[in-house]
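Trainee: Quick one: the structure is below, questions incoming.
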Amino acid sequence: MLCDRLWRNARLATLAEGAPGLGLVEDGLIAARDGRILYAGPARAAPAFAARETVDCEGRWITPGLIDCHTHLVHGGDRAAEFEARLAGASYEEIARAGGGIVSTVRATRAASEDALVGSALRRLDALIAEGVTAVEVKSGYGLSVASERASLRAARRLGESRDVTVTTTFLGAHALPPEEPDKDRYIAHVCTEMLPALAREGLADAVDAFCEGIAFSPAQTARVFEAARAAGLPVKLHADQLSDLGGAALAARFGALSADHLEYADEAGAAALARAGTVAVLLPGAFYFIRETRRPPVDLFRRHGTRMALATDCNPGTSPLTSLLLVLNMGATLFRLTVEECLAGVTREAARALGRLHEIGTLEAGKWCDLAVWDVERPAELVYRMGFNPLHARIRRGR
């Protein structure tokens, strides 16, 4: 059988659906043609391949390319000065009254050109790519006007044109109130009738997100956004139950959301609802760490009910200025007490599920895109165990 490229003498963590554990294969082989996997499994069971190029992996481990399924890569400015103020004892409320917080990022994002947004986001994206990331989700949400949200989503699309990476875009117009609009209901009406339909028509968004929280939008307001997304034919995601239990997990499940993210305050009913709906719980330990949260997501409840769990950086300027998915692996284990298997599945198979792309990425299985990360480690657990260490040997996207 003819193939473009063959990786031999490799150890595989396939993460395949239904495989025990990480789907480990000690003497493995991967064959690819036209960017897709033809075979991934034991060398002894492989068909006879005639390869244009053969790569000897010398016993290295291969995993699926890593996936960061929750980021806010596109934004103007930073919030380093606020970080210093917080260290000096200033509260979030004091910072906000002084013109800081998310409003400061909105102003900086609106003031930046689309080219400038692309340039700054590429620096953050490059840090992720250097750790084996082959797919990333990018949200808008710092423009909060049709023009600025359009620019943010266009910038996100351009990231995938500028780098060899799969980019999924998410419209997050219901992120916060813009500084010029004091009325939440009126703003949500604008999101639903003007912003979302326009950006959906232009094909700029692959999904729609919202922030359901006391400091953001109510469950009823969030439901209006999700109804508008449904009318536009777009799947939904939700920032849910991060700071309080507003029933966000159950709301996400009711709308069949791809994912519900954060979830520190989710309850058992919410965990069960997520499992029934097939909605992935995306856990974000970077934000938990950075803003010194003390309440962990209810991981034991997710396990009990069979809720799928993913991990992501939540890279954003205010609460998680983090561009290391490898560090997130360690944080997931140490802060949230996930197992090695849960962590690695959380940045591959379950992250793909959270983006609605499991049919094409996230595991090493025939028919999927040949997105690989090759690692200089003795065992996959090292990827979770080590901190501040990047053992990536090679990153392959679509067989190249």
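A Cβ is built for glycine as well, from the same backbone N, Cα and C atoms used for every other residue.
The structure displayed is predicted, hence computed values, not measured ones.
Found this in Swiss-Prot, in case it helps:
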{"type": "BINDING", "residues": "His70, His72, His239, Asp314", "note": "Fe(3+) binding site"}
{"type": "BINDING", "residues": "His70, His72, His239, Asp314", "note": "Zn(2+) binding site"}
{"type": "BINDING", "residues": "Arg79, Tyr142, His175, Gln242, Thr319", "note": "4-imidazolone-5-propanoate binding site"}
{"type": "BINDING", "residues": "Tyr142, Asn316, Gly318", "note": "N-formimidoyl-L-glutamate binding site"}
Trainee: To see if you understand the setup: which same-chain residues, six or more apart in sequence, place their Cβ under 8 Å from that of Asp314 (Fe(3+) binding site)?
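Mentor: Same-chain residues close to Asp314 (Fe(3+) binding site) (Cβ under 8 Å, separated by 6 or more) are His70, Thr71, His72, Asp261, Leu284, Gly286, Ala287, Ser320, Leu322.
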Trainee: How many angstrom lie between the most widely spaced Cα atoms of the 4-imidazolone-5-propanoate binders Arg79, Tyr142, His175, Gln242, Thr319?
Mentor: 20
Trainee: When the Cα of His175 (4-imidazolone-5-propanoate binding site) is compared with the Cα of each of the binding-site residues His239, Asn316, Gly318, which one is closest?
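Mentor: For His175 (4-imidazolone-5-propanoate binding site), the spatially nearest of the binding-site residues is His239.
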Trainee: Using CB atoms and a 10 A radius, I'd like the single residue among the binding-site residues Gln242, Thr319 with the highest neighbour count.
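Mentor: When each Cβ's neighbours within 10 Å are tallied, Gln242 leads.
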Trainee: Taking His72, Arg79, His175, His239 as the binding-site residues to compare, which has the smallest set of other Cβ atoms within 10 Å?
Mentor: Arg79
Trainee: For Gly318 (N-formimidoyl-L-glutamate binding site), which of the binding-site residues Arg79, Tyr142, His239, Gln242 has the nearest Cα in space?
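Mentor: Comparing Cα positions, the candidate nearest Gly318 (N-formimidoyl-L-glutamate binding site) turns out to be Arg79.
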Trainee: Is it possible to get the count of other C-beta atoms within 10 angstroms of the C-beta of His70 (Fe(3+) binding site)?
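Mentor: Around His70 (Fe(3+) binding site), other Cβ atoms within 10 Å: 31.
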Trainee: DSSP secondary structure for His70 (Fe(3+) binding site), reduced to helix/strand/coil, please.
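Mentor: Its secondary structure by DSSP: coil.
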Trainee: Around the recorded N-formimidoyl-L-glutamate site, report the further residues of that chain (criterion: Cβ within 8 Å of the mean position of the Cβ atoms of Tyr142, Asn316, Gly318; site residues excluded), sequence-ordered.
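Mentor: So the additional residues around the site are His72, His75, Arg79, Ile102, Thr105, Gly141, Pro317, Thr319.
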Trainee: Give me the largest Cα to Cα distance among Tyr142, Asn316, Gly318, the residues the record lists as binding N-formimidoyl-L-glutamate, in Å as a whole number.
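Mentor: Spelled out: the longest distance between any two Cα atoms in Tyr142, Asn316, Gly318 is 11 Å.
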Trainee: Whole-number Å distance between the CA of Thr319 (4-imidazolone-5-propanoate binding site) and the CA of His239 (Fe(3+) binding site)?
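Mentor: The Cα atom of Thr319 (4-imidazolone-5-propanoate binding site) is 13 Å away from the Cα atom of His239 (Fe(3+) binding site).
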Trainee: Could you state the CA-to-CA distance between Gln242 (4-imidazolone-5-propanoate binding site) and Asn316 (N-formimidoyl-L-glutamate binding site) to the nearest Å?
Mentor: 15
Trainee: Measuring Cα to Cα, how far is Asn316 (N-formimidoyl-L-glutamate binding site) from His239 (Fe(3+) binding site) in Å?
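Mentor: Given the Cα positions, Asn316 (N-formimidoyl-L-glutamate binding site) is 14 Å from His239 (Fe(3+) binding site).
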Trainee: Roughly how many Å lie between the Cα atoms of Tyr142 (4-imidazolone-5-propanoate binding site) and His239 (Fe(3+) binding site), rounded to a whole value?
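Mentor: Rounded to the nearest whole number, the Cα-Cα distance is 15 Å.
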Trainee: So which other residues, same chain and not among His70, His72, His239, Asp314, have a Cβ within 8 Å of the centroid of the Cβ atoms at the Fe(3+) site?
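Mentor: Going along the sequence, the neighbours come out as Thr71, Lys139, Asp261, His262, Leu284, Ala287, Ala312, Cys315, Asn316, Ser320.
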